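Q: Take a look at the following structure, please.
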Amino acid sequence: MMPSPAVHRQETPAYWKKGVQAGLPIAIGYMPVAFTFGLLAKAAELSLFETISMSIIVFAGASQYIALSMIVALSGAAELILTTFIMNIRHLLMSASLKERAEDDPKWLRAIYAFFITDETFSVAATSPEKKITGSYLLGLGLVAYSCWVIFSGVGYLMGSGLPQSLQDSMGIALYAMFIALLVPAAKKSKKVIALAASAAVLNSIFSLVPALKGGWGIILSTLIAAVTIEFFMRGDERDE
Amino acid sequence: MSDQLIWVIVGMGIVTYIPRMLPLVLFHTNHLHPRIQGILKNVPYAILGALIFPGVLTINPESYLYGGIGAAAAFIAAWLNLNVIVVVLSSIFVLYGYTFL
């Protein structure tokens, strides 16, 4: 289907609806992750307001989990913000790639839906069968995923406070279990992922013995060294991705 | 940290939004050098490694074993392709059980 610009304009509600439908699987996938974030934010002694604010303002799962672990480790504000930035530089690639298909929309509209770019919304939008990704499609997609993220962060926080203290103590592992759960499936498929994670882990363990590098700066430094050197040694090692 | 945390959150929001927005709204050419693209793709996996170690071993300052057991439980659950929330919950319950031993 190749709609002319006029037809495209008429079909805006249909695109919005398609976006919402495409967003539903993401929303379902976000529920447990957002719920766990709320639970962990409670364990990290954030307030409900701070927890929900972070989900509303940042909307980036991995960064929000990292922020919690850095807050627990008493990292400073500059380390937290810099780590978040480094973590999210990868969105440059997704934004650039979406631009190829969304160029017809006005700048202000693109500025709005840029906020909703995550690994998941990008993957769904980029693989959608529509020839042109319209603003209303991306807004429908993004808003469904986003609302679910924000609401379930709050639900997780509130339900966390009802748990017994001994159970809350063993929840210190939850953040790390989450990272392991994100890493292992990728590592099973790729030697490069194993090399990246292992070298950054070893570097950060060494850096943690240096008082000045303890916490955030050690994480930044070991991440950058690993990402750059592994790229140098294992470039083109992966079949795809 | 607590009273300034909301400003840290705002700062996190700004630095998260900028990479999402710049190419889509402002950049005219979007040809990043392939080597740079490769490095950016590496970042999430490297950062996960650095986040897990050595932090996971020190969640109980008295015993490395405590964190090690929790990490092993999470690793096994993740290896079995269980859902993220199941991995998190099973490692919590393994450690919860361990405290009663």
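Quick reminder: no glycine exception, Cβ is built from N, Cα and C everywhere.
Automated prediction, rather than curation, is the source of TrEMBL annotations.
Note that the coordinates shown come from a computational prediction; the quantities given were computed from them, not determined experimentally.
Annotation source TrEMBL lists transmembrane segment at A:20-41, A:48-67, A:137-158, A:170-186, A:193-210, A:216-234.
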Q: Give the one range among A:20-41, A:48-67, A:137-158, A:170-186, A:216-234 whose Cβ atoms make the most pairs under 8 Å with those of the transmembrane segment (A:193-210).
A: A:216-234
Q: Same chain only, please: residues at least 6 beyond the ends of the transmembrane segment (A:137-158) with a C-beta under 8 Å from a C-beta of the stretch. Say none if there are none.
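A: 15-24, 26-28, 30-32, 34-42, 48, 51-52, 54-56, 59, 61, 98, 102, 112-113, 115-118, 120-121, 124-125, 128, 130.
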Q: Within the same chain, where does the transmembrane segment (A:20-41) have neighbours whose Cβ lies under 8 angstroms from its own Cβ atoms, ignoring anything closer than 6 residues to its ends? I mean 6 or more beyond.
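A: Contacts with the transmembrane segment (A:20-41): 50-51, 54-55, 61, 64-65, 68, 120-121, 124-125, 128, 137, 140-145, 147-160, 171, 174-175, 178.
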